[in-house]
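**Student:** Provided herewith is a single structure, encoded as C-alpha cells, for subsequent inquiry.
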Amino acid sequence: GECSPKCRNLFVLETVCVAWFSFEFLLRSLQAESKCAFLRTPLNIIDILAILPFYVSLLVGLAARPGVGGNKLLERAGLVLRLLRALRVLYVMRLARHSLGLRSLGLTVRRCAREFGLLLLFLCVAMALFAPLVHLAERELGARRDFSSVPASYWWAVISMTTVGYGDMVPRSLPGQVVALSSILSGILLMAFPVTSIFHTFSRSYSELKEQQQRTASPEPALREDSTRSASATATEDDGSQSPDGAGSAGASSEGPWARAGPT
C-alpha cells in the first residue's frame with residue numbers, strides 16, 4: 001500500500017507532463033474564436049479525455065483515503081482508478097496532432113466509412129456461412145472436440161478469413177480442411193475488394209495533407225514571389241511610359257544643331 005521511490009518518480013514525471021499538456025490546452029482554448037467549435041474538434045476531445053483522468057484519479061484517491069469512507073467506497077474508488085488509468089493510453093493519440101501519417105489515417109477512416117461497412121458486411125456474411133459448415137464437418141463427420149458449437153466456430157472463421165491463423169482451432173478431417181481452404185480463399189478475395197478503394201483514398205488524403213502542410217509551412221516564399229512579380233511589372237510599366245519621352249528628347253537633341261544652323 002505504500003508508494004515506492006520509482007512509483008513516486010513516475011508520478012512526478014506524469015504530473016509535469018500533464019501540467020504542460022493542460023497549459024497548452026488552456027492557451028489554445030483561450031486563443032480560439034469559437035469555444036464550442038474548439039471543443040467539438042476530434043483532436044481536442046482526445047486531449048480532454050487524456051488529461052481529465054489524471055485530475056479525476058487524484059480527487060478520487062484523496063476522497064478514498066482510509067478513514068474517510070468505508071470499504072465500499074474504497075472498492076468503487078479502486079475500480080474507477082483502474083478505468084481511468086486505462087484511459088491514459090490516449091496520451092499516444094496526441095501524436096496525431098504532429099504526425100502526418102496518423103492524420104491521414106484518421107481522414108481516410110472518416111472518408112471510407114462506407115467501404116469499412118462493406119468490409120464488415122462481407123466478413124459477417126462469410127462468417128455466418130463457413131462457421132456452421134466447419135462445425136458440421138468437424139463435429140459430425142470428423143468427430144473432433146475443437147469445434148464444440150457454432151458460436152465457437154465463428155471465432156475460427158474470423159481468424160481464418162483474415163489470414164491470422166492462431167492455430168488454437170484447427171480442422172483435422174478432410175471435409176473440414178476443404179471448408180477451411182474455401183474460407184481462407186474467400187476471405188482474401190472479400191477483403192481485397194474494399195481495401196483497394198481504401199488504399200487509394202489514403203494516398204489521396206496523404207497527398208492533400210502534405211500539400212496543405214507545405215503551404216502553411218512556407219508562406220514567406222510565396223509573398224516574396226508576389227512582391228517580385230509586382231515590382232517587375234511596375235518597372236516594366238515605368239519603362240514603357242518613359243520610352244516615348246526618351247524618344248522625343250532624343251529627337252529634339254538631334255534637331256537642335258540644325259535649328260541653330262538655320263538662321264545663320
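Placed from the backbone N, Cα and C atoms, the Cβ positions cover glycine too.
Below are the features I grabbed from TrEMBL:
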type     : residues : note
DOMAIN   : 8-208    : domain 'Ion transport'
TRANSMEM : 12-30    : transmembrane segment
TRANSMEM : 42-64    : transmembrane segment
TRANSMEM : 116-134  : transmembrane segment
TRANSMEM : 154-171  : transmembrane segment
TRANSMEM : 178-202  : transmembrane segment
REGION   : 210-264  : region 'Disordered'
COMPBIAS : 241-256  : compositional bias 'Low complexity'
**Student:** Same chain, outside the transmembrane segment (116-134) by at least 6, Cβ under 8 Å from its Cβ: which residues?
**Tutor:** 109, 147, 150-151, 153-154, 156-158, 160-162, 171, 176, 179-180, 182-183, 186-187, 190-191, 193-195, 198
**Student:** Examine the transmembrane segment (42-64) against the transmembrane segment (154-171) and state whether at least 3 Cβ pairs sit under 8 A, considering only residue pairs 6 or more apart.
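**Tutor:** They are not in contact.
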**Student:** For the domain 'Ion transport' (8-208), what is the mean per-residue pLDDT, to the nearest integer?
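**Tutor:** Residues in the domain 'Ion transport' (8-208) carry a mean pLDDT of 82 in this prediction.
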